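**Q** For reference, the structure I am asking about is given below.
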Amino acid sequence: PETGRLALYLLGLRAACPPPDPSPQRLLVTWLKHYLEVDWAGSRQNGQPLTSYYQYSLGVLALCVHRKRVREEVIRRLLVAEHHGRFRHAGSNAVDTEAVAALAFTCLVRERLVGSKLGRELRKAKHRVRKRMLQEQGPDGFFGNIYSTPWAMQVFIATNTCQMQPAYGRAMAALLENLEAFSISATMAQVLPVLYGRSYLDIASMRCREEPDMLMPISSDPPPEVLGNMTVRLVVECSLSWCAQHQLYDRPVPAPASASLLGVLREAAVQDFKFDTQDTPQGPFLTSVLGVQAQQKKRSYWQLLSNPNTSLHMGVAEYRPRDGETIILRLSEW
């Protein structure tokens with residue numbers, strides 16, 4: 001099911017104040033309800049949704065923002081998952097999933113789309129999530145990582161608690177220092193509301209007739225191209241027990257000075273370096289390197305690091321290495 005992708009589209013559509021004719025929008029909402037039901041059936045049979053709890057939560061949130069009721073069984077499946085810690089990956093909290101779920105819980109109560117008994121349970125779950133988020137804030141100010149931080153901050157905004165939490169101010173300072181990480185539309189859509197003190201729940205109360213038409217096309221010149229070449233040392237490691245060897249690759253790769261990490265990998269591919277990516281709403285995602293596949297069943301992924309152990313906090317298409325920098329692609333567990 002395309003639960004998450006359609007949910008994000010409907011949130012964006014509502015925020016953009018669609019034309020008065022509701023027919024196309026109504027059809028999309030119907031499709032989202034269908035996908036959510038399919039996901040719920042998968043959750044009942046397999047113990048988890050066919051997509052993920054992140055997408056499942058997005059579906060509930062998007063329907064709530066459009067003021068559409070969701071069956072209580074669907075909501076309770078998400079509530080049970082939160083209560084039993086099923087959002088966690090390898091012992092740590094999935095901050096973005098918990099935050100989206102908390103936003104959905106808050107929306108359902110605020111829009112009065114649930115009964116009083118279920119509403120009380122959702123409020124308790126929201127408080128539990130918010131408490132865990134405070135525990136997940138690292139020394140760098142991020143809740144989890146840089147991309148889950150805007151989601152967490154939206155929870156504090158939606159529950160009117162951001163002014164009471166010093167952790168919120170530290171997170172905002174960290175975001176403002178790292179805005180270059182939000183360079184594609186999907187991540188911009190997460191961070192922009194937070195920078196203006198808003199959450200996705202504010203979309204539900206927008207009065208579109210009073211919104212000024214500010215969707216003016218802009219033309220911006222492309223950034224100047226950096227001339228010359230650079231050399232990046234590319235290292236591939238496998239830190240998992242089942243790997244036959246720890247280091248799989250270690251070579252200098254010449255590339256244009258303005259190349260992204262994806263561009264560097266493509267230059268390396270000319271020298272028989274094999275890799276694969278998968279397109280996602282957040283940009284290309286590295287799935288396979290030198291024939292070694294990241295597998296969801298094994299909870300493995302290709303981690304992007306700058307030597308010796310600094311996470312890039314960006315995707316392969318956004319990060320631009322420096323001349324002489326060492327980039328590590330490390331197969332790790334989440």
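Yeah, the Cβs are placed from backbone N, Cα and C, and that goes for glycine too.
Quick paste of what TrEMBL says about this protein:
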BINDING   Thr51, Ser52, Tyr53, Tyr54, Gln55, Asp96, Asn145, Gln190, Trp302, Gln303, Leu304, Leu312, Trp334  cyanocob(III)alamin binding site
DISULFID  Cys64-Cys107  disulfide bond
DOMAIN    259-332  domain 'Transcobalamin-like C-terminal'
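What's the neighbourhood like for each of these?
**A** Neighbours of Gln55 (cyanocob(III)alamin binding site), defined as other CB atoms within 10 A of its CB across all chains, total 23.
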**Q** Roughly how many Å lie between the Cα atoms of Cys64 (disulfide bond) and Thr51 (cyanocob(III)alamin binding site), rounded to a whole value?
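**A** That comes out at 19 Å between the alpha carbons.
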**Q** State which of the following binding-site residues has the fewest other Cβ atoms within 10 Å around its Cβ: Thr51, Asn145.
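**A** The binding-site residues Thr51, Asn145 were compared, and Asn145 has the fewest Cβ atoms within 10 Å.
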**Q** Using a 10 Å radius around its CB, how many other CB atoms surround Trp302 (cyanocob(III)alamin binding site)?
**A** 21
**Q** Restricting to the same chain and to sequence separations of six or more, state which residues have a Cβ under 8 Å from that of Tyr53 (cyanocob(III)alamin binding site).
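**A** Expected: Leu78, Ala81, Arg86, Phe87, Ala94, Thr97, Ala101.
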